[in-house]
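Written out below as structure tokens is the structure these notes cover.
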Amino acid sequence: MPPKGTTRKKAANDGSTTHTPTLSEQLSYLHSPRPFKNPNYTKNTNRRTKNLKTVLGQEREKERVERERRRQERDSQAMDIDEVKKELVEVNEEISTYLSIEAPPSVLPQRHYCDITGLEAPYTDPRTGLRYHDKSVYELIKNLSPSAAKDYLAARGVNPVVR
């Protein structure tokens with residue numbers, strides 16, 4: 001005897017049955033039009049990729065050519081300007097960019113680093129003037145001799161005055 005529930009019901013075989021789509025077929029976007037894709041798009045096979053060094057070099061070259069062009073325009077227009085005025089124009093022409101070394105000073109406060117560990121130092125020892133990171137470093141600073149504290153301050157570039 002076969003197990004319960006395994007008997008199959010015979011389907012009506014009259015040939016007039018139509019396929020009813022399942023829920024997943026009804027919700028599928030597979031056959032709907034895609035207006036966001038361009039049907040005439042072809043990939044450019046001649047396009048060559050460039051590495052970062054090449055891109056930065058080309059950007060520097062463009063900036064150099066642009067500066068030279070501006071310099072030539074200025075020289076052709078400013079033949080009768082005094083030398084002092086020419087120097088002022090040259091100073092104003094130098095604009096700091098991402099690639100230039102010159103930049104305005106930071107508006108953020110200068111960071112302080114621990115004289116012992118090199119980590120960021122929110123604290124300063126009032127007796128020696130050494131900057132320290134946490135209490136374990138402070139314990140070490142308390143046990144330092146005055147000459148060792150002077151050496152740490154001199155390494156930082158501070159004129160050591162230890163009391």
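Start at 1 and count along the chain as shown; that gives each residue its number.
Glycine is no exception: its Cβ is also placed from the backbone N, Cα and C atoms.
The compositional bias 'Basic residues' annotation in TrEMBL covers 1-10.
In terms of DSSP helix, strand and coil, the compositional bias 'Polar residues' (14-29) has 5 helix, 0 strand, 11 coil. What TrEMBL lists as compositional bias 'Polar residues' is 14-29.
What TrEMBL records for 58-79 is compositional bias 'Basic and acidic residues'.
Taken from TrEMBL, the feature domain 'Vps72/YL1 C-terminal' covers 112-141.
Residues annotated as region 'Disordered' in TrEMBL: 1-79.
Mean model confidence for the domain 'Vps72/YL1 C-terminal' (112-141) is a pLDDT of 93. Counted with DSSP, the domain 'Vps72/YL1 C-terminal' (112-141) comes out as 7 helix, 6 strand, 17 coil.
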